[in-house]
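J.: Grabbed the feature section from TrEMBL, which reads as follows:
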type     : residues : note
DOMAIN   : 12-390   : domain 'Major facilitator superfamily (MFS) profile'
TRANSMEM : 51-70    : transmembrane segment
TRANSMEM : 77-97    : transmembrane segment
TRANSMEM : 103-124  : transmembrane segment
TRANSMEM : 166-185  : transmembrane segment
TRANSMEM : 205-226  : transmembrane segment
TRANSMEM : 246-267  : transmembrane segment
TRANSMEM : 279-298  : transmembrane segment
TRANSMEM : 304-325  : transmembrane segment
TRANSMEM : 345-361  : transmembrane segment
TRANSMEM : 367-385  : transmembrane segment
């Protein structure tokens, strides 16, 4: 496994964690508040907001494929990180200046899509400089911690300063990000000028293994779909099927969130010593156990205990899964962007999975049976992709 650089001054070592916290706050402030911003500033209806967000997300999807690939060719991850912060300021200014929803939607696509790539470029930079698995996953844990505090902070800002207050907060965060990124660029400029092209990972898929790449992405789409399903549907399931009060739904979700960060840190340190593929496989098994347990749960104690395999499974798939993508798919930016898009597509697919609970033969417990089966299918797809990739490699050597 790659290892980090020798010990540096504390201020230097705090740059990446601080950037991760701020980019996590960027996402966790904007995402839950965006619909309210559109409704408040442009008097948008529910349908209008839905279409605007759909167009924005489609633009973000394209940006997260095209721009990381461009950054890979030039190894310009920190300049792209700087650009994302600058575009955040431009986005906030545009949203504050325009008066119609169509113009706001254009601003979201043109400025917001690239501005949303901050975390992608940060992870790509870490991979490019040879950061250890534990460092990458710890950075992921910091972003998760930011998401725990971001939505409540967003509601507090809106209550105090209205929707424009969120835009101002984004500008403040972006300014600090610009300063920190400038320091990071100065520290790495001389080293980057002398550094050779990074060696290809020994785990990377060989050239021409496009089908194997598709299979890997498909596996993680399934993992993310089941995770999104469980998180989205948990409150309703606890109250309607398990028969507990809504208070227990809040407790369960709170315990899951509280366990997420330490689980990521534990799994990250294991990732420095154990194969990433092995850890992802173990995480998939733990997730399948979690979904199977949810099918059977009837009382709160078991529901709380099940959050332990849930947290560890999530950490392995969302934390080590990122580094596995970076191991297998060439290009630090492209691999990270594809991983982020697997999460987006998985979130979309969670809707049909939940809808399956309306079928008489399945019911709400059947939703988690589907999740367990899909997780096992995803588990099988990872080694299948490795075998598919081996075929073109053997042909090339022949």
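Glycine is no exception: its Cβ is also placed from the backbone N, Cα and C atoms.
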J.: So what's near the transmembrane segment (103-124) in sequence-distant terms, Cβ-Cβ under 8 Å and 6+ beyond its ends?
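T.: Distal contacts: 16, 19-20, 23-24, 26-27, 38, 41-42, 52, 55-56, 58-60, 62-64, 67-68, 71-72, 77-78, 80-81, 83-85, 87-88, 90-91, 94-95, 136, 139-140, 143, 177, 322, 326, 332-333, 335-337, 340.
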J.: Which stretch from 77-97, 279-298, 345-361 shares the most C-beta pairs under 8 Å with the transmembrane segment (367-385)?
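T.: Most Cβ pairs under 8 Å with the transmembrane segment (367-385) come from 279-298.
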